[in-house]
């Protein structure tokens with residue numbers, strides 16, 4: 001399997017619960033390296049641009065409102081099969097359907113406040129990483 005990079009966001013609900021370290025431990029325990037990381041409080045404009053793919057969906061406004069409701073942790077994860085590995089760690093979008101032991105099953109409250117975001121494909125990951133991290137701010141290790 002190839003070494004990949006994927007974007008991960010710890011959303012405002014999980015940041016407010018003070019579980020950033022527990023989530024980072026899961027990434028690292030699964031063999032993923034954190035090669036870039038920063039905390040940010042997204043502006044409405046940034047959240048709307050980042051989630052533009054969902055602009056026509058009925059949940060778009062609520063998603064943007066949620067993502068700007070508090071700070072988020074944004075990180076780039078690197079490792080073999082990083083995209084799928086991160087998605088497996090996150091669990092199903094709806095925490096009620098997420099497998100026990102996944103990030104969403106353990107830390108999320110609802111399908112809206114679902115603790116984490118992760119890129120769904122290599123193409124998406126490249127676009128999402130570039131959105132938050134200029135290349136010079138991502139470091140292989």
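Placement of Cβ uses the backbone N, Cα and C atoms for every residue, glycine included.
What Swiss-Prot lists as ATP binding site is 11, 59, 87, 93, 104, 114, and the listing cites sequence analysis. Within the same chain, residues at least six positions away from residue 59 (ATP binding site) with a Cβ under 8 Å of its Cβ are 112. Secondary structure at residue 59 (ATP binding site), taken from DSSP and collapsed to helix, strand or coil, is coil.
Look at Swiss-Prot and you will find 117 tagged as active site, pros-phosphohistidine intermediate, backed by sequence analysis. All protein chains included, residue 117 (active site, pros-phosphohistidine intermediate) registers 20 other Cβ atoms within 10 Å of its own Cβ. Secondary structure at residue 117 (active site, pros-phosphohistidine intermediate), as computed by DSSP, is strand.
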Task = Using only the residues recorded as binding ATP (11, 59, 87, 93, 104, 114), report the maximum Cα-Cα distance in Å, whole number please.
result = 21
Ask   = If you count other Cβ atoms within 10 Å of each one's Cβ, which of the binding-site residues 93, 114 has the most?
value = 114
